[in-house]
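S.K.: One structure coming up, written as structure tokens, with questions to follow.
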Amino acid sequence: MPLTMSQAFIGNFLGNSPKWYKIAILSFLIINPILFFYVSPFVAGWVLVLEFIFTLAMALKCYPLQPGGLLAIEAVAIGMTSANQVLHEIEANLEVLLLLVFMVAGIYFMKQLLLFAFTKIITKVRSKILVSLMFCLTSAFLSAFLDALTVIAVIIAVAVGFYAIYHKVASGKDFSAVHDHTSESNNQLNNSELESFRGFLRNLLMHAGVGTALGGVCTMVGEPQNLIIAAQANWQFGEFVIRMSPVTVPVLIAGILTCLLVEKFRIFGYGAKLPDAVHKILCDYAAHEDAHRTNKDKMKLVIQVLVGVWLIAGLALHLASVGLVGLSVIILTTAFNGITDEHALGKAFEEALPFTALLAVFFAVVAVIIDQHLFAPVIQWALSYEGNTQLVIFYIANGLLSMVSDNVFVGTVYINEVKAALIDGQITRDQFDLLAVAINTGTNLPSVATPNGQAAFLFLLTSALAPLIRLSYGRMVWMALPYTIVLSVVGVLAIETGFLEQATQYFYDSHMIIHHSAKDVIAPLTSH
């Protein structure tokens with residue numbers, strides 16, 4: 001029986017999403033104008049924000065760009081905000097968009113070097129605790145300079161490679177044979193060995209994922225929202241690192257200790273060992289690759305190392321805007337490694353562009369929040385407190401929202417509201433700087449709780465690797481739990497005890513940072 005037009009419409013709308021989800025989005029699109037025109041723009045605005053958070057929380061049912069984008073288009077169409085205000089938000093955050101477009105693409109051309117490094121870690125180090133620590137710390141270091149999505153993408157590529165090699169050899173084939181490593185019907189595989197290997201890979205990926213959060217919070221380029229916060233506060237790379245350090249350094253130490261403890265006591269699904277047979281296969285493969293590496297291949301790795309040095313130096317010394325440094329990475333690696341085909345270049349941009357488009361939709365929702373003054377009551381309540389209590393409230397408020405929503409969205413909303421409070425004279429510039437630290441750390445650290453909060457976790461969960469190693473949503477939340485508790489508590493204690501305030505005062509006295517004026521925040525506003 002042929003489909004009716006209405007059935008065909010529902011079938012096409014949002015593709016393979018569940019029917020209930022499609023009906024929910026259509027209902028939102030019908031309800032919002034009614035609320036806006038006949039109830040209250042303020043109520044309609046809050047409903048839109050909750051609907052948008054819902055699309056982020058349901059990211060596994062449907063990528064949020066389409067449902068979130070429809071809601072944003074309707075919001076502009078009915079007058080909740082204007083297209084000019086959306087453009088203004090995008091202009092103000094152009095650096096973030098450039099970071100996502102160029103930096104992620106740039107690192108795509110450095111994958112060989114990163115794959116080489118992680119392969120050596122797994123094959124040369126036999127201690128599981130040491131391997132876990134190295135993955136966590138390496139991810140943290142890389143994420144301080146690179147986008148967390150990029151770092152996770154590299155580690156996923158490493159894990160898929162290892163899984164494919166083991167599956168191929170255990171199935172009785174040699175390294176060069178063509179083989180489907182996703183097949184579950186192979187009887188030659190040792191099931192207990194395979195399960196142990198899956199557990200081992202799950203452990204490493206979770207340690208690496210948390211590592212990206214530990215490192216990402218430390219610098220202004222570690223996460224997209226850091227760049228937004230740094231731009232609003234008018235901080236450079238070095239100042240951002242120094243201002244965050246009273247919270248980020250204790251949290252980093254606590255994160256490393258958590259990594260050691262969960263591995264040592266084999267709790268929360270950690271402690272899986274790499275079977276000897278699997279280790280031998282991986283070592284044989286690494287030796288095979290080393291033996292067949294030509295001078296041309298070696299030269300490519302040398303070029304990638306040199307470009308990596310430029311990348312870190314360029315960011316640390318703020319020699320150019322982050323996106324432009326990323327563009328230079330693309331040009332240098334492709335020029336000197338001979339990647340000149342247009343299609344080969346295009347693949348590098350596939351990873352980041354959907355998220356870049358989604359970020360533009362975030363800014364449309366931020367424009368609604370600004371025009372309808374949605375967060376004003378919450379911010380006023382938080383600002384009614386003083387000193388450390390105010391900082392703690394902002395940290396917790398950011399943390400709770402970041403657990404269920406995307407942290408770029410949360411960070412952008414809160415820093416905009418605090419900036420408005422500074423411009424209105426409700427807070428001093430020094431308090432604004434402390435609040436920016438609380439917002440940045442509150443947005444980044446508790447968000448490891450669920451894949452909804454960390455884009456890198458969501459990327460991992462939706463990857464082709466997750467079903468192969470049996471990594472489900474629930475398992476990710478369970479394995480992230482010890483980190484969530486430790487990072488959140490240590491972060492809040494660093495603020496609540498007054499350590500952040502005291503350390504910041506010491507930095508002022510030592511002339512490591514300077515007192516800024518409120519004009520530094522207002523100036524970027526008037527320049528658009």
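The first residue you see is number 1, and the count goes up from there.
Quick reminder: no glycine exception, Cβ is built from N, Cα and C everywhere.
Pulled from Swiss-Prot, these are the listed features:
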TRANSMEM  10-30  transmembrane segment
TRANSMEM  63-83  transmembrane segment
TRANSMEM  96-116  transmembrane segment
TRANSMEM  131-165  transmembrane segment
TRANSMEM  204-224  transmembrane segment
TRANSMEM  240-260  transmembrane segment
TRANSMEM  305-325  transmembrane segment
TRANSMEM  359-379  transmembrane segment
TRANSMEM  391-411  transmembrane segment
TRANSMEM  449-469  transmembrane segment
TRANSMEM  476-496  transmembrane segment
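Give me the lay of the land around each of these features.
M.R.: Sequence-distant neighbours of the transmembrane segment (63-83) (same chain, 6+ residues past either end, Cβ-Cβ under 8 Å): 14, 25, 28-29, 32-33, 36-37, 41, 44-45, 48, 51-52, 55-56, 354, 357-358, 361, 364-365, 367-368, 370-372.
Remote same-chain partners of the transmembrane segment (96-116), defined as residues 6 or more beyond its termini with a Cβ less than 8 Å from a stretch Cβ, comprise 90, 142, 146-147, 149-150, 154, 157-158, 161, 221, 224, 227-228, 300-301, 304-305, 307-308, 311, 321-330, 333-334, 337, 339, 347-349, 351-353, 355-356, 359-360, 408.
Note on the transmembrane segment (204-224): residues 96, 99-100, 103, 122, 131-133, 135-148, 151-152, 155-156, 159, 230, 235-237, 240-241, 244-245, 248, 251-252, 255, 259, 270, 315, 322, 359, 407-408, 440-441, 444-445, 447-448, 454, 456-457, 460, 465, 469, 471, 476, 479-480, 483, 487 of its chain, located 6 or more positions outside it, place their CB under 8 angstroms from a CB of the stretch.
Nonlocal intrachain contacts for the transmembrane segment (305-325), taken as residues 6+ away from its ends with a CB within less than 8 angstroms of a stretch CB, comprise 94-95, 97-99, 101-103, 106, 110, 113, 145-146, 219-221, 227, 236-238, 332-333.
Cβ atoms under 8 Å from those of the transmembrane segment (359-379) belong to residues 41-42, 44-46, 48-49, 52, 64-65, 68-69, 71-72, 75-76, 80-82, 85-86, 88-90, 93, 96-97, 100, 224, 397, 406, 408-409, 412-414, 416-418, 420-421 of the same chain, restricted to positions at least 6 beyond its ends.
Panel annotation: around the transmembrane segment (391-411), residues 52-53, 56-57, 96, 223-226, 228-229, 359, 362, 365-366, 378, 382, 385, 418, 434-435, 437-447, 449-450, 452-455, 488, 491-492, 495-496, 500-501 of the same chain, lying at least six beyond its termini, place a Cβ under 8 Å from a Cβ of the stretch.
Counting same-chain residues at least six beyond the ends of the transmembrane segment (476-496), those with a Cβ under 8 angstroms from any Cβ of the stretch are 202, 206, 209-210, 213-214, 246-247, 250-251, 254-255, 257-258, 261-262, 267-270, 388, 391-392, 395-396, 399, 438, 441-442, 445-446, 448-451, 457, 460-461.
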S.K.: Is the number of Cβ-Cβ pairs under 8 Å between the transmembrane segment (240-260) and the transmembrane segment (131-165) three or more, considering only pairs separated by 6 or more positions?
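M.R.: Counting Cβ pairs under 8 Å, at least 3, so yes.
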